[in-house]
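As structure tokens, the structure follows; a few thoughts come after it.
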Ligand SMILES: [Fe+2]
Ligand SMILES: [Fe+2]
């Protein structure tokens, strides 16, 4: 996916109190390039961290956190793995594409190309951005394998966590493949520019600020999978409105996968909350304070700035996603609210002072974000009316989208 990663005004204090406290021993001398370990201090309440790498907190997982994940082994090999779909019953991209072995292949391609003529440029920008995000899958697998206690230590490890990560990646891999092939066949987008963007994005990685901490990592993935589900669900709906029913079906089946993955990651957080309510609520608040960065936030097509007076490609893609209502600041607030409800944060008990503070913070946050989003939407609508902006995207042969 995706877009619209921030709601201005809610930026936020960097960390929760407890994490701040743990970090106090580490941050004084930390600067880019330093690796400083708090574990070396006498009273550090953690086993192997946190440490600071390139100015960022890393390995903030506590001893209790590692114990929680050891305890979750049966859950991971049972229920979690059960949420994957066997390959035999999985859809494959070819199921939704013209069959190159068939005599009717060229006719099917012609029909596809005719059908896609109905897709407007702003739609093409959002679906290309979503496809590019899916295509940076190596980055997301790498991110999961940075998490303490759940990473794939060998590349073919038999632990349930490593098995999950590889199978999840394999399911996700179909998303980028299908969207990429479909868009290539339409002839509506500049595929070379799209490919340049994908190569740059994978080369740049992402910075989700999850600190190698599986608590933070799985809060992040729960949020992200739901955001992706929302975005693909909307591109499905819009494709249908524009008149491309096949593309609508494609976006719909991808959205259904995202929903299943969202459920899986949310279940992990539910299990964390059962075992370590304090740590779980504090981790949720920490990710919300830092804001969920979108996986493609480092995208670069090497042309956009030049075409648009220095404007950032991801920021402009986000504007188009907002304008087309594919993914908006209101969706961000809705996702947060959904997770607060799903994880029953308001009724978590047994919290210490940090946990209580985090609980209050996350429970109030969706309303606060929605309020800011409303004000921002009014301001943006006025600005767009008074001074409409034309954004040029290399992905659509440098045609403009008015926002
Ligand atoms: Fe996906
Ligand atoms: Fe996903």
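The first residue you see is number 1, and the count goes up from there.
Quick reminder: no glycine exception, Cβ is built from N, Cα and C everywhere.
All TrEMBL annotations are machine predictions without curation.
Here TrEMBL flags 134, 172, 175, 258 as Fe cation 1 binding site.
The Fe cation 2 binding site annotation in TrEMBL covers 172, 225, 258, 261. Just so you know, the Cβ of residue 172 (Fe cation 1 binding site) picks up 20 other Cβ atoms within 10 Å once every protein chain is counted.
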For ligand 2, the binding-site residues of 134, 175, 258 whose CB is under 6 Å from one of its atoms are 258
Helix, strand or coil at residue 258 (Fe cation 1 binding site) [DSSP, three-state]: helix
What is the Cβ neighbour count of residue 258 (Fe cation 1 binding site) at a 10 Å cut-off, with all protein chains included? 23
Taking the binding-site residues 134, 172, 175, 225, 261, which residues show a Cβ-atom distance to ligand 1 below 6 Å? 134, 172, 175
When you rank 134, 175, 258 by Cα distance to residue 225 (Fe cation 2 binding site), which of the binding-site residues ends up on top as the closest? 258
Give me the Cα-Cα distance between residue 175 (Fe cation 1 binding site) and residue 261 (Fe cation 2 binding site), rounded to a whole Å. 13
May I have the list of same-chain residues other than 134, 172, 175, 258 whose Cβ is within 8 Å of the Cβ centroid of the recorded Fe cation 1 site, in sequence order? 137, 171, 173, 174, 176, 228, 232, 254, 257
